[in-house]
Amino acid sequence: MIQVISDVLTPDELKRFRELLGQAQWQDGRATAGHVAVRAKANEQLSHEDSLGQQLSEFLLERLGKISHFIAAALPLKVLPPRFNRYTGGGSYGDHIDNAIFSVPGAGVRIRGDLSATLFLSEPGDYDGGELIIQGEFARHQFKLPAGQMILYPASTFHQVTPVTRGARLAAFFWTQSLVREHSRRALLFELDNTIQALAQDNPEQPAVARLTGLYHNLLREWSET
């Protein structure tokens, strides 16, 4: 299940993010890649210890907790603090699958990466290339979203970022450990949740709303891990 989540940041917030990231001290992104992915990775990232990155990361974590689409689709248990990357001058990231387990810096906590997310911070017209290509079950999907939109997808899928041949592609990225590990079960719960919301909007008093809501919570109870 791939989801596009709109309006994560406002235009003013995006402008401020880009201004601050324009002053940041970027480092070679290969420092955080695994021994296989390092050969495919050519970008820049902010250090986990960068105070600016930590400030922006905390802001995004708080915002994510208020976005109902993200919560319904991801059913988050733990979220790795967002990180930031930049692609310029032909930078790219070849086909790879993300690591399964991540450590939260300074917290002594590990999370399982069930879902990957990329929040676009640069407008599509500000750079050439830089498409995020995700291998779906039956086809490859290509994304180059407007700034402020986020793509959420299973971390178990192959994906890549095509070379950026003009301008700079700024993005935030992070991983989520879901209450429901299995992607197909999470997708069923998301569809059921959407159905309940649609029925409740038309007629919240109809008995089917209560029955389906009960079914949703019983399935979540059966499938969730805390």
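Even glycines carry a Cβ here, placed using N, Cα and C.
Within the same chain, residues at least 6 positions away in sequence whose Cβ sits under 8 Å from that of His159 (Fe cation binding site) are Asp95, His96, Ile97, Ser116, Leu132, Ile133, Ile134, Gln135, Tyr153. According to Swiss-Prot, the feature Fe cation binding site maps to His96, Asp98, His159.
According to DSSP, Arg169 (2-oxoglutarate binding site) sits within a strand segment. Sequence-distant neighbours of Arg169 (2-oxoglutarate binding site) (same chain, six or more apart, CB under 8 Å from its CB) are Arg86, Tyr87, Thr88, Gly91, Ser122, Tyr127, Gly129, Gly130, Val161, listed in sequence order. According to Swiss-Prot, the 2-oxoglutarate binding site annotation covers Arg169.
Summarising the annotation, Swiss-Prot assigns domain 'Fe2OG dioxygenase' to 78-178.
With DSSP states grouped into helix (H, G, I), strand (E, B) and coil, the domain 'Fe2OG dioxygenase' (78-178) comes out at 3 helix, 61 strand, 37 coil. Per-residue confidence over the domain 'Fe2OG dioxygenase' (78-178) averages out at a pLDDT of 97.
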